[in-house]
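What follows is one structure encoded as structure tokens, with my remarks underneath.
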Amino acid sequence: MERRICIAIDGPAAAGKSTVAKLIANRLSYVYIDTGAMYRALTYRALQCGVDIHDEQALLSLLGDTSIELKPSPQGQLVFVNGEDVTDIIRGEAVTNAVSFVAKHPLVREEMVARQRALAEGGGVVMDGRDIGTNVLPNAEVKIFLKASVEERARRRHEENIARGFPSDLEKLKEEIAHRDRIDSERETAPLRKAPDAVEIDTTSLTVEEVAARIMEIVNERIG
């Protein structure tokens, strides 16, 4: 029987992590775990409940009362918060601009990481985020770090927003993505960085299929 491993895919906002991770998970019949969606789900709940996103204890208390479920479906992964389908709404501008502030709190990350590790027990998972290879799954058999230029990432996010029916301003997106990069890279707890043993792939001029093919080569080497 083929060994079921853990695959960690990290990188900055809009580097193509989720798209590629879903594709890899589908090809391997693995479970896809979008850790960013978990932080977005908590951020959505905080905004909904009027909880200060800079108040760590208030967020931790809210998280304790929040059920976050990731469910596969023919349309892709669905995200539920306390039974409510929030898959699309957590991709909106309000959540996008607030999520980095929520994700930088050490105690919030500690609880989220515990939940993420529990989901990965037994292997057979593809998990993407900012600190999977360095912090959440440091022993993952395959670690990938995706990067792309700010301009290309803004263009991708712009197209995603339009496809979802969200208003979108390309120049504003460039500024927001650069700002998120700074917050994610400079936070004290589990900052965005490439694991020493991760394979770095610049996706700026690559198609999703080309990136997926490269990752599958690495996975097959490790499984074999």
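Each Cβ is built from the backbone N, Cα and C atoms, and glycine gets one as well.
Feature list (source: Swiss-Prot):
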type: BINDING; residues: GLY11, PRO12, ALA13, ALA14, ALA15, GLY16, LYS17, SER18, THR19; note: ATP binding site
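In sequence order, ASP128, LEU146, ALA148, ARG153, ARG156, THR203 are the same-chain residues whose CB sits within 8 A of the CB centroid of GLY11, PRO12, ALA13, ALA14, ALA15, GLY16, LYS17, SER18, THR19, the residues recorded for ATP being left out. Long-range Cβ neighbours of THR19 (ATP binding site) (same chain, at least 6 residues apart, Cβ-Cβ under 8 Å): VAL208. Spatially close to ALA15 (ATP binding site) yet at least six residues away along the chain are LEU146, LYS147, ALA148, ARG153, THR203, judged by Cβ distances under 8 angstroms. Other Cβ atoms within 10 Å of the Cβ of GLY11 (ATP binding site) number 25 in total over all chains. For ALA13 (ATP binding site), the count of additional Cβ atoms within 10 Å of its Cβ stands at 26 [all protein chains shown].
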